[in-house]
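Visitor: Pasting the feature list from TrEMBL:
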type     : residues           : note
BINDING  : H26                : heme b binding site
BINDING  : T27, D78, T81, D86 : Ca(2+) binding site
DISULFID : C33-C65            : disulfide bond
DOMAIN   : 20-158             : domain 'Plant heme peroxidase family profile'
Amino acid sequence: MVLQYVSLPPFQHSDLNCSSLVTGAHTIGFSHCSQFSKRIYNFRSMNRIVPTLNLDYAKQIQKECPKDVDPRMVIDIDSITNAAFDNQYYKNLQQGKGLLSSDQSLFTDRRTRNIVNLFASNSTAFEKSFVIAITKLGRVGIKTAKQGEIRHECSKVN
């Protein structure tokens, strides 16, 4: 499924799909520390933190998610405006403050960087595009019975 955006300059709409851009929903939400701990503790580099992550931000989330933290511990994906549906999520990505690697890759990938920059600078463009994307996603048929499953844990097949 391909998204179409209103008046986006030289950006190839066909390069984007719903699953990558509906991550804008991460403007509200949280993640368990286990979902990103490798980015702040076990990365193979001099400082053991993934290089695309803002170092000050990494230190902040290390305080909130120490190495042997309770697996039920969560932190906000958007540490600045966690309770507001806004474009701060995209501004965070520009600053290397994407909590999840899939989020940060939207800015580090040249194919999607323009859209991050647009949404960071233009909240109306983000909101309109999100409505289009979530509407299209809502039209995707739900698989039931033997055709699909409701996952008990989002990141793993049952």
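Just so it is clear, glycine is given a Cβ too, placed from its N, Cα and C backbone atoms.
TrEMBL annotations: computationally assigned, not manually curated.
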Visitor: As a test of the contact definition, list every same-chain residue at least 6 positions from C33 (disulfide bond) whose Cβ is closer than 8 Å to its Cβ.
Guide: E64, C65, V69, P71, M73, V74, I75
Visitor: Taking the centroid of the Cβ atoms of T27, D78, T81, D86 as the Ca(2+) site, which other residues of that chain lie with their Cβ within 8 Å of it, listed in sequence order?
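Guide: For the Ca(2+) site, the extra neighbours are I28, I80, N82, A84, F85, N87, Q88, Y89.
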Visitor: Between 0 and 100, where does the mean pLDDT of the domain 'Plant heme peroxidase family profile' (20-158) sit?
Guide: 86
Visitor: Express the distance between the Cα positions of D86 (Ca(2+) binding site) and H26 (heme b binding site) as a whole number of Å.
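Guide: D86 (Ca(2+) binding site) and H26 (heme b binding site) have their Cα atoms 10 Å apart.
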Visitor: Suppose we draw a 10 Å sphere around the Cβ of C65 (disulfide bond). How many other Cβ atoms does it contain, all chains included?
Guide: 22
Visitor: Fill in the CA-CA distance, H26 (heme b binding site) to T81 (Ca(2+) binding site), as an integer in Å.
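Guide: Here the two Cα atoms lie 11 Å apart.
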Visitor: Quiz question: given the binding-site residues T27, T81, which has the greatest number of C-beta atoms lying within 10 angstroms of its own C-beta?
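Guide: In terms of Cβ crowding, the pick is T27.
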Visitor: Between D78, D86, which of the binding-site residues has the fewest other CB atoms within 10 angstroms in the structure shown?
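Guide: Per-residue Cβ counts within 10 Å for the binding-site residues D78, D86 bottom out at D86.
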